[in-house]
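**Student:** From Swiss-Prot, here are the annotated features:
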type     : residues                             : note
ACT_SITE : H713                                 : active site, proton donor
BINDING  : R13, E14, L15, K16, K127, W580, E624 : 5-methyltetrahydropteroyltri-L-glutamate binding site
BINDING  : I450, G451, S452, E503, D618         : L-homocysteine binding site
BINDING  : I450, G451, S452, E503, D618         : L-methionine binding site
BINDING  : H660, C662, E684, C745               : Zn(2+) binding site
Amino acid sequence: MATLGVPRIGRRRELKFALESYWSGKSPAADLLATAKALRAASWREQHDRGVSKIPSNDFSLYDHVLDTVAMVGAVPARYTWTDGEVPLDTYFAMARGNQDQAADCGHAGDEHAANGHGLAAMEMTKWFDTNYHYIVPELTDDQSFALSSAKPVDHFLEAKALGIHTRPVLLGPVTFLKLAKSPEEGFNPIALLPRLLPVYEELLRRLKLAGADWVQIDEPALVVDLVPNERDALQFAYCRLSKAAPELKIMVAIYFGSLGDNLETAISLPVAGLHVDLVRAPEQLETVGRLAQKDLVLSLGLIDGRNVWRANLPAILDRIKPIVAGWPLDRVEIAPSCSMLHVPIDLDMETALDADVKSWLAFAAQKTDELVVLARALAEGRDAVAAELEASAEAAAARATSAKVHDPLVEGRVASIKVAMTRRKSAFDVRSKLQGDTFGLPSFPTTTIGSFPQTAEVRKARAAHAKGELSYVDYEAFLKKEIEAAVRWQEEIGLDVLVHGEFERNDMVQYFAEQLRGFAFTQHGWVQSYGSRFVRPPIIIGDVSRQNPMTLHWWRYAQSLTPKPVKGMLTGPVTILNWSFVRDDLPRSAVCRQVALAIRDEVSDLEKAGAKMIQIDEAALREGLPLREADWQAYLDWAVECFRLASTAVGDATQIHTHMCYSEFGDIVDAIAAMDADVISIETSRSQLELLDTLRTFKYPNEIGPGVYDIHSPRVPEVGEISNLIMLARKRLSDGQLWVNPDCGLKTRRWEEVRPALVNMVAAARAIRQKAQTA
């Protein structure tokens, strides 16, 4: 029985606090590394004690496992001035986060700063397949060289060995690594670098064997996406080489996030000792894989959902796998989750506030591990050995299926009555645009922000005190109004054209709304990693969704009362609420999304009635829900766009609908972006030098666009000239009348010391370009 990978963050988010302490200069690297070592040891011991037989190592990362691989193979971009040897810690973090020029800015001094990439922008970051986890995108050139530059996989194996725990090291596969990479050279496919990369992997496998490893897990999730023939050939080539590098070291190729599809033959013909398949996302492939795979192959069955929080129906799973198990040597069947459990919270036992019935329907990483053990014991010892556990599992599934917390006839009836007219604006964009232009009278290149401002320690402290009952609502409201007023006055002072209230009342852009909607449940400690030290607590959609009362009206009214400038109403869109939640698995996602869209539609209507003339409906996560296979895209995009429009179209032509998207590559879904028909879309483009705008120009995208002109995920403060250059790049691609100027995402996670100069520079850059355009 294997776990493939487990959460890295620590039960009390120890990794987050250690990282942020190091980055702020409050603690040395030694403290960070000691915390990381303690987290690894605790994780290994817990898995061992729960009965896991194949415990992973090297699944831990200080920031991101793809970035770890970049460091491991020496693929550090030239701008970070690393040459050889082990990649230093500050170079590692500079690749992830960027950094300022001054050593004092990160609190470290001396040789920790020598030639370690300070003052440089971070590498690009994007979604890990179709999850809400982010990875750092490798940057590879056609003359790229590789060298083993980090012994982390070996070090972690030996670390566990010293504790008396034998582990199975986990590596990101070489083909997936290259498939995820990008190159500055147009037309160059990084897959061509495979012959240069493989010697690094071969050396690493030899070192792992010498250290005492008998198995290694190599993750190749690229096998569930569309591959071209040369990429399939690359997989065969790679594993023919790797299987011979250390012949006594057995390789388990782990494939997850979906069906093998037309890559099935490639996968089962790889010359490896084991193959892991995802039977949660693709249960239909069980029979085919079992029929075609060689019987000397160790078959790892991904039976427990590694991406969602629902308790499994264990008797049903055993019934389903009975035919394959009956025809396969039992010592060659491995029970596992569908994928690494990186994507779920750590332990349900920490949750003391959940209703008992709801809690009985759930399973986090610890409970999923126990479920795996039960399944493994049922196969090895017979069902009678775990009869009590199987009965409890079946009872929980039956209770959930009939619960009144799950089913609301009023919601189901409203969804059934949705009409096509409810998903269309009254007039076309050109009509709306003229009316909105006359209404607002904004200058060219209008400036705004995405919505949130820094959540300072004082803001978090006040929210926590209110949640604990230590701060009355009257006092909490007064505190928030003071924060909102200060933010509005400061925005006016620096000359922003369209303002926001700052979202100080919001803990999270999804959770804030979910807490006010019926059909959701919430955790106290259900944190999962989004990227680096950014952890989120996704709400859980347990039943039919509906809005009970207005959710944002009070705060918007107050902010707008302070200024004659327009203040945007700020909402999270239905697709993002869906994709950033743990979604019920008893309904199609499209049906759940329509329920959420109707709730947001009600809020949009109330905002407009109250006088809001600009309403932003963020769909930051629209693309991440895109299926991994292109053949499945259109069906998803059809209902996702329908849900956005259902949420946004109950307004008059003079009301301007904004939306925001981040972290995404949109070139392949530009039709859907246009079909959303938002009046203004703001997008994340700063890390990729506005590449997306080329696609929008080719498409002749008609509506207004705010390309992000500085990267908020980095602590760097961009100079006026840097921002001006990006605006000029945008002008070469789109008409001046289409362009807005804004950061590429919300500013919640940044410090005011970073935000203030950055936004001042952004406004100055917009004014300079405005003047240049007027005198041209």
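We number each residue from 1, going along the chain as drawn.
Using the three backbone atoms N, Cα and C, a Cβ is placed for every residue, glycine included.
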**Student:** Quick one: give me the count of other CB atoms within 10 A of the CB of D618 (L-homocysteine binding site).
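**Tutor:** Cβ-Cβ neighbours of D618 (L-homocysteine binding site) within 10 Å number 25.
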**Student:** I need the nearest neighbour of E503 (L-homocysteine binding site) among the binding-site residues L15, K16, C662, E684, C745, using C-alpha distances.
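**Tutor:** Minimum Cα distance from E503 (L-homocysteine binding site) across L15, K16, C662, E684, C745 lands on C745.
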**Student:** Using Cβ-Cβ distances, find the residues under 8 Å from I450 (L-homocysteine binding site) that belong to the same chain and are at least 6 apart in sequence, listing them in sequence order.
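**Tutor:** Counting only residues 6 or more apart in sequence, the Cβ neighbours of I450 (L-homocysteine binding site) under 8 Å are V500, D618, H660, S682, N742, P743, D744, C745, G746, L747.
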**Student:** How many whole Å apart are the CA atoms of E624 (5-methyltetrahydropteroyltri-L-glutamate binding site) and E684 (Zn(2+) binding site)?
**Tutor:** 14
**Student:** Just to confirm: which same-chain residues, 6+ apart in sequence, have a Cβ under 8 Å from the Cβ of S452 (L-homocysteine binding site)?
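**Tutor:** Looking at Cβ-Cβ distances below 8 Å from S452 (L-homocysteine binding site), excluding near sequence neighbours, one finds V500, G502, E503, R506, M509, G746, L747, K748.
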**Student:** Between G451 (L-homocysteine binding site) and C662 (Zn(2+) binding site), what is the CA-CA distance rounded to a whole number of Å?
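**Tutor:** Counting only the Cα atoms, the answer is 13 Å.
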**Student:** By CA-CA distance, flag whichever of C662, E684, H713 among the recorded positions is nearest to K16 (5-methyltetrahydropteroyltri-L-glutamate binding site).
**Tutor:** H713
**Student:** By a simple count, how many Cβ atoms lie within 10 Å of the Cβ of K127 (5-methyltetrahydropteroyltri-L-glutamate binding site), its own Cβ left out?
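**Tutor:** Total other Cβ atoms inside 10 Å, all chains included: 21.
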**Student:** For L15 (5-methyltetrahydropteroyltri-L-glutamate binding site), which residues in the same chain are close in space, meaning a Cβ under 8 Å from its Cβ, but six or more apart along the sequence?
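**Tutor:** Looking at Cβ-Cβ distances below 8 Å from L15 (5-methyltetrahydropteroyltri-L-glutamate binding site), excluding near sequence neighbours, one finds R8, I9, T35, A36, L39, L62, S533.
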**Student:** Does W580 (5-methyltetrahydropteroyltri-L-glutamate binding site) have same-chain partners at least 6 apart in sequence with Cβ under 8 Å from its own Cβ, and which are they?
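**Tutor:** Non-local contacts for W580 (5-methyltetrahydropteroyltri-L-glutamate binding site): N132, M509, V510, V536, P538, A621.
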**Student:** Can you list the residues of the same chain, besides I450, G451, S452, E503, D618, whose Cβ falls within 8 Å of the L-methionine site's Cβ centroid?
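**Tutor:** So the extra residues in range turn out to be T449, V500, M509, M570, Q616, H660, G746, L747, K748.
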**Student:** Say we define neighbours as other CB atoms within 10 Å of the CB. Which of the recorded positions R13, H660, H713 has the fewest?
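**Tutor:** Least crowded of the recorded positions R13, H660, H713, by Cβ count within 10 Å, is R13.
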**Student:** Taking only the recorded positions C662, E684, H713, which one has a CA atom nearest to the CA atom of E14 (5-methyltetrahydropteroyltri-L-glutamate binding site)?
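**Tutor:** Nearest listed residue in space: H713.
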